Amino acid sequence: MITIIDYKSGNLRSISNSFKKIGSKAIITGNPEEIANAKHLVLPGVGAFGTAMENIEPYKGLIYEHIDDGKPFLGICLGLQVLLSSSDEAPRVKGLDIFKGQVEKIPKGRKIPHMGWNQLKQVKNCPILDGLDGESFYFVHSYHAILDDDCNLSGTCDYGIDLTASISRDNVFATQFHPEKSGVPGLKILKNFVNL
Amino acid sequence: MLTKRIIPCLDCDLQVPEGRVVKGVEFKQIRYAGNPVELASKYYEDGADEIVILDITASHERRGTMVNVIERITENVFIPICVGGGIRKVEDYTRMLKAGADKCSTNTAAIHNPQLLTDASKVVGSQAVVIGIDAKRRYVEEDKDAAQGKNIFDTNQGEVWFDCSIYGGREFTGMDAIAWAQECQDRGAGEVLLTSMDGDGTKDGYDLVLTKAINDNVDIPVIASGGVGNPQHILEAFEIADASAALAASIFHFNEYPIPVVKKYLKENGVRIRETF
């Protein structure tokens, strides 16, 4: 059973559909009890950093506990960015600070948002990326995560500069791209996550 | 590196419960290309990078049918879906996104109420707000007054500016497409779905002057649309106009050029495309 946190953000149905496709049952819930009991927890996210953090506020404690208990956690897109310390998108709002670092606007001189399919370059061992180095994934974002500590970086993609594509530390995983919108390779990532 | 996107477009008639994909060569001569749910699955398996679904009846009463079609498509199709036609209020965006769509495209409603783009981008994010621009060439020579203050471009047929049309090309606004695209970007639109009304349905190729003009004047991605007849036209949209994506309908529907054939051609000609899926 996969638990997807419903904090009024984005396209949750696609995420639960993709887990269903790989044979896993997923629930979309904002119920604290169900979130506390989750084995695999997914934090999706579309939209703006500030609003997202406001909506995540009631679930912050549950997210920290889940991660401290060593249970698998997956952040997707904005669900990756909110794991960092802060974002230029909402300078006064604090992030979850699970990974030290900043979220910054993608530098000018290219099309923004970074929208479309880009190749993942795996930069360290990471169980959810197993067998997927070099595959294409669907990205859509105007801000990008910059970690203080590169050892938590698991994948990058080339957009004139290297962008953070995925991060991981122990039981915490997050992708800037959308595995639920990335065809078969995306489903494979979710499968890897479910198998943790 | 980011790859160029190939986007099949399903023009849907939603007056039947399941919807049906329409390809009108001209308005009088409507051909049906199939069921939207089945076609979307086929294109997904063929390697489409995204799918656009347009409600050509664009009627508010059909919103429920569209939601249904999107819900069914996204059960088995795991690539981005853009919905257009009849998107008039912020709630239309949220409803389509909730059904499984990733973006909504709007044209007429945004021209009547540009604030819609500002409001929608705040609620659903710029990445989900696509501005549809249907543009037609106006020749400076034919009406010098109308061309005043417009962005003018050289073509083989003389100097032109681009006029925004609404209601699927049935009405013209006299608005400069370049200036409008820039305003949409400033208001928070995240992508332009650009259709040439001169090219649409002709199979003579995209309007490359128009595509390049818009693309050079905005920072958001541009999807070229209208006029594609063969893979070479798609190559031109990428090589000459540097579009981020190319949209096509009939060449895919009737299997003239299946997506894998188009992608193979593009790859052979040095375009970066998504090969594995």
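Glycine residues also receive a Cβ, built from the backbone N, Cα and C atoms like all the rest.
Under DSSP, A:CYS77 (active site, nucleophile) is assigned to coil, being neither helix nor strand in the three-state scheme. Sequence annotations record features per position, and here TrEMBL assigns active site, nucleophile to A:CYS77.
Counting only same-chain residues at least 6 apart in sequence, those with a Cβ under 8 Å from the Cβ of A:HIS178 (active site) are A:ILE76, A:CYS77, A:PHE137, A:TYR138, A:PHE139, A:VAL140, A:GLY186. Annotated active site per TrEMBL: A:HIS178 (among others), in sequence order.
If you take the C-beta of A:GLU180 (active site) and look for same-chain residues 6 or more apart in sequence within under 8 angstroms, you find A:ASN11, A:SER14, A:ILE15, A:ASN17, A:SER18, A:ILE76, A:GLY186, A:LEU190. Residues annotated as active site in TrEMBL: A:GLU180 (among others).
Among the features that TrEMBL reports, domain 'Glutamine amidotransferase' is placed at A:4-194.
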